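For reference, TrEMBL has these:
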DOMAIN    42-456  domain 'Amino acid transporter transmembrane'
REGION    23-42  region 'Disordered'
TRANSMEM  48-67  transmembrane segment
TRANSMEM  73-95  transmembrane segment
TRANSMEM  197-221  transmembrane segment
TRANSMEM  233-254  transmembrane segment
TRANSMEM  275-294  transmembrane segment
TRANSMEM  314-332  transmembrane segment
TRANSMEM  374-394  transmembrane segment
TRANSMEM  400-419  transmembrane segment
TRANSMEM  431-457  transmembrane segment
Amino acid sequence: MASVDLELGRPLSAAAAAAYPPPLRRSINDDDVDDDGKPKRTGTEWTASAHIVTAVVGSGVLSLAWSTAQLGWVAGPATLVVFAVITYYTSVLLADCYRAGGDQVSGKRNYTYMDAVESYLGGRQVWFCGLCQYVNLVGTAIGYTITASISAAAVYKSNCFHKNGHSADCRVFTTSYMVVFGVVQVFFSQLQSLHEVAWLSVLAAVMSFSYSAIAVGLSLAQTISDVDLSHKIWQALQALGNIAFAYSYSLVLIEIQDTIRSPPAESKTMRKANALAMPVITAFYTLCGCLGYAAFGNAAPGNMLTGFGFYDPYWLVGLANACIFVHLVGAYQVMSQPVFTAVESWASSRWPRCGFFVTGGGGTRLISVNAFRLAWRTAYVVACTAVAAVVPFFNDVLGLLGAVGFWPLTVYFPVEMYIRRRKLERSSKRWVALQSLNAVCFVVTLASAVASVQGIAESMAHYVPFKSKL
């Protein structure tokens, strides 16, 4: 029999096993744990692909028509493809870092992104990684709250326009919808870990493809039927950040990979998952961006389904926005579970004897009653919802999130760990190529971040907190 902390999914040391209160430490059959003492992983390339699609095809897809409009017919589609290639390549590099050492089957597992950075780079790099990753994860949760509230409000508006005409004042406060989304997330946040939300990721992936397909179809129908320079430059730079955000999932890649069963090597399965997900995602993104631009030209809305470039058929617009809301429920969990686990791991190791971490008798395998989990995760959701209500600027927030997360998490750390793992010599051709990619992406990230901050500052000048109307 093996002692395992089922609350966190991590093996217990002998000292910790002795220190934990009996209700938290449970004995389980050896058949239910793997060689590392963690609950057995059952993930495949298909479940990993579902997690990737859920994390990637989110709110970012709705801004791609606007982003393509800022960049034009040549630079827009080219940028979409370039970011896809960079993301796929660096994701493969990162997936190979899941196990430390040279053995991809029996090497030491890195359970999180920070674990991988600690294994290969160490020192201050670990803290820098943690800062970038968790700021981006929290920011993404805030961004998803904004998007979900806008989509929920758009369902009401599409019905209002249908009943009262396109010129009617159907504006509605979005704060109340943020509260509804937050209440839903308080419940789903009690799911124990990323291992337990595969079903939610599959549902969310179906929803994401549904509303993307509706957006593509409406853009195609619209296409068939039918500023000054400095401002344009700022918007073009914001567009780069939006596109970067649309592809970002490196910040949860290691955590997704930790759900995959072995053998075969997790890195091999993750390569298949990347290969399955990225071409489909890129095709959808290109269609959404290009057809949206073709339909609206330079007037393409920042959010294709809530900017009301489309009014009819009203039921289809409403359905698409309902799908967005459901998808973001799952995507929020995929992005938030690593934050939950990190804090709970730290707290339980810091206070191993505290009864606050004891699971009560009313729990189930998926959702258990734990005072700390309930308090901490509820507080997290409330805080994210409150920040979203204060800064509900869709495009600017997406651009800033993309800028903050793209270079360090998608490019810098995977490249540096690969160089360290392969022991590449300085000034070798591959070393120079990788460092050149690093430098170019850093410049793009910096420019996009500055443009997004400028956009948020401009929006804040005319905004009253908690009174945002769509």
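Here the Cβ of each residue, glycine as well, is placed from N, Cα and C on the backbone.
Just so you know, TrEMBL annotations are computer predictions that nobody has curated.
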Seg_contact(the transmembrane segment (233-254), the transmembrane segment (431-457)) with at least 3 CB pairs under 8 angstroms, min sep 6:
yes
So which residues does the transmembrane segment (400-419) touch in its own chain, when a touch means Cβ under 8 Å and the partner is 6 or more beyond its ends?
60, 86-87, 90-91, 93-94, 96-97, 113, 116-117, 120-121, 125, 128-129, 132-133, 135-136, 139-140, 143, 240-248, 250-251, 431, 434-435, 437-438, 441-442, 444-446, 448-449, 452-453, 456
Counting only residues 6+ away from its ends, which parts of the chain sit with a Cβ under 8 Å from the transmembrane segment (374-394)?
59, 63, 138, 141-143, 145-147, 149-150, 174-175, 178-179, 181-182, 185-186, 189-190, 302-303, 336, 339-340, 343-344, 347, 455-456, 459-460, 463, 465-466, 468
Top stretch among 48-67, 275-294, 431-457 for CB pairs under 8 A with the transmembrane segment (73-95)?
275-294
